[in-house]
Amino acid sequence: MTNTRKNHPLLKIINNSLIDLPTPPNISSLWNFGSLLGACLTIQIITGLFLAMHYTADTMTAFSSVAHICRDVNYGWTIRYLHANGASMFFLCLFIHVGRGLYYGSFTLLETWNVGITLLFSVMATAFMGYVLPWGQMSFWGATVITNLLSAIPYVGTDLVEWIWGGFSVGKATLTRFFALHFILPFITSALVMIHLLFLHETGSNNPLGVPSNSDKIPFHPYYTTKDFLGLLLLILLLMTMALFYPDLLGDPDNYTPANPLNTPPHIKPEWYFLFAYAILRSIPNKLGGVMALILSILILVMFPFLQPNKQQTMMFRPLSQFLFWILVADLLTLTWIGGQPVEDPFINIGQMASMLYFSLMIFIMPTTCFIENKMLKW
């Protein structure tokens, strides 16, 4: 009698990925965030699909169509707020997932790590374009400011910006193409997730100790399916609490004002999950320098495996690196706070110092500490 689960061409793939997958027995709850990100992506695609059924990507009616969804569509307000706060949950899980990768040295799995960074860029692009769609004041001016940064690229910058806008300013053409791209990108992200998992299952998961666990592995089901399900319940609880009780907590009040090209809001700022990068962008007085720092703030993760010559994979037994890691976390929280503040003293100076500390930690201080810890191992 053949086991269908193990022999059927399609079920075999699911079985080897989710049921009989050999998993280290000691991975902590921080390893839950991969599955939570999958859940977030699913929630976003489903809620987004229902929103797209009622949304119109036209400058004259976009704002009204969102109001119509909230007022006239059955449970439209729920779907809209689940989608908006689902993005915040998505990024919260993403940042913890990346942080866990840095702390426990998962960046040594190079292919998985690099596909993960591509995924991060993909999700950030999707979120940015989604923020433009309600066509409120912050949507319009956010789109204008961020796309205009590309004009800093020498020689082709201005042409590139006008090509993206589809005209000489952000308008109907921009909104239409942003909607099209916002719709297609999550499916591209889903394909990248498959590649991410494919590479991960080639090497197997890392674990908190950073030691090979080939001699002692357990099946993914029922142990980690149960554990992941608990994480999923907590995620849904948090998302529902946000969407039903505090739906506008993380939003901007300016986005409840229809887009007006003649009236600039006093403080243009993106959603909270982009504030750290926005603070880095603003901390450099030069436009091109700011754009380069903005891109490098994420792209530096690609260099991380080569900047960390550590002999112990995880930071679990490296107190100096642990200390610096938590300084990095505190620095990112500071940058997030600064990104939401107006451009005036003392925020300018704090932002510049925090940006300098961010790049110093990543490029110089953490690698040097790794080198010192390697030397200390020999004593």
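Glycine is no exception: its Cβ is also placed from the backbone N, Cα and C atoms.
Sequence annotations record features per position, and here Swiss-Prot assigns heme b b562 binding site to His83, His182 based on similarity to another entry. DSSP assigns His182 (heme b b562 binding site) to a helix in the three-state reduction. His182 (heme b b562 binding site) is surrounded by 21 other CB atoms, counting those within 10 A of its CB over all protein chains shown.
Annotation comment: Swiss-Prot describes His97, His196 as heme b b566 binding site, evidence class similarity to another entry. Listed in sequence order, Thr112, Val115, Gly116, Leu119 are the same-chain residues at least 6 apart in sequence whose CB falls under 8 Å from the CB of His196 (heme b b566 binding site).
Every protein chain shown contributes to the tally, and the Cβ of His201 (ubiquinone binding site) ends up with 14 other Cβ atoms within 10 Å. Summarising the annotation, Swiss-Prot assigns ubiquinone binding site to His201 and lists similarity to another entry as the type of evidence.
Among residues of the same chain six or more beyond the transmembrane segment (33-53), those with a C-beta under 8 A of the stretch's C-beta atoms are 69, 79-80, 82-83, 86-87, 89-90, 93-94, 96-97, 100, 130, 182-183, 186-187, 189-190, 193, 228, 231-232, 235, 239. Per Swiss-Prot, the feature transmembrane segment maps to 33-53 (among others).
Marked as transmembrane segment by Swiss-Prot on the basis of similarity to another entry: 77-98 (among others). Sequence-remote contacts of a segment are chain residues at least 6 beyond its ends whose Cβ falls under 8 Å from one of its Cβ atoms, and for the transmembrane segment (77-98) they are 30, 33-34, 36-37, 40-41, 43-44, 47-48, 50-51, 66, 69-71, 116, 120, 123, 127, 130, 235, 238-239, 242-244, 247, 250-251, 271-273, 301.
Outside the transmembrane segment (113-133) by six or more residues, the chain places 48, 55, 57, 62, 66, 87, 90-91, 94, 98, 101, 106-107, 139-140, 142-143, 146, 174-175, 178-179, 181-182, 185-186, 188-189, 192-193, 195-196, 199, 270-271, 273-274, 298-299, 301-302, 304-305 with a CB less than 8 A from a CB of the stretch. What Swiss-Prot records for 113-133 (among others) is transmembrane segment, and it gives similarity to another entry as the kind of evidence.
Annotation comment: Swiss-Prot describes 178-198 (among others) as transmembrane segment. Away from its own ends, the transmembrane segment (178-198) comes close to residues 17, 38, 41, 44-45, 48, 52, 55, 57, 112, 115-116, 118-119, 122-123, 125-126, 129-130, 132-133, 143 of its chain (Cβ-Cβ under 8 Å, at least six residues beyond either end).
For 226-246 (among others), the entry in Swiss-Prot reads transmembrane segment.
Using a Cβ-Cβ cut-off under 8 Å and counting only residues 6 or more beyond its ends in the same chain, the transmembrane segment (288-308) has close neighbours at 98, 102, 105, 107-108, 110, 113-114, 117, 120-121, 124, 149-150, 152-154, 276-278, 280-282, 355, 358-359, 362-363, 366-367, 370. What Swiss-Prot lists as transmembrane segment is 288-308 (among others), and the listing cites similarity to another entry.
Sequence-distant neighbours of the transmembrane segment (320-340) (same chain, 6+ residues past either end, Cβ-Cβ under 8 Å): 99, 102-103, 269-270, 272, 274-280, 282, 310, 347, 350-351, 354-355, 357-358, 361-362, 365-366, 369-370, 372-373. Per Swiss-Prot, the feature transmembrane segment maps to 320-340 (among others); the stated evidence is similarity to another entry.
Residues or ranges marked as transmembrane segment in Swiss-Prot (evidence: similarity to another entry): 347-367 (among others).
Among residues of the same chain six or more beyond the transmembrane segment (347-367), those with a C-beta under 8 A of the stretch's C-beta atoms are 279-280, 282-284, 293, 296-297, 300, 303-304, 307-309, 321, 324-325, 327-328, 331-332, 334-335, 338-339, 341. Residue pair His182 (heme b b562 binding site) / His97 (heme b b566 binding site) shows a Cα separation of 23 Å. Under a cutoff of 8 A between CB atoms, and with a sequence separation of 6+ in the same chain, the neighbours of His97 (heme b b566 binding site) are Phe33, Gly34, Leu37. Close to His83 (heme b b562 binding site) in the fold, though at least 6 residues off in sequence, lie Gln44, Thr47, Gly48, Leu51, each with a CB less than 8 Å from its CB.
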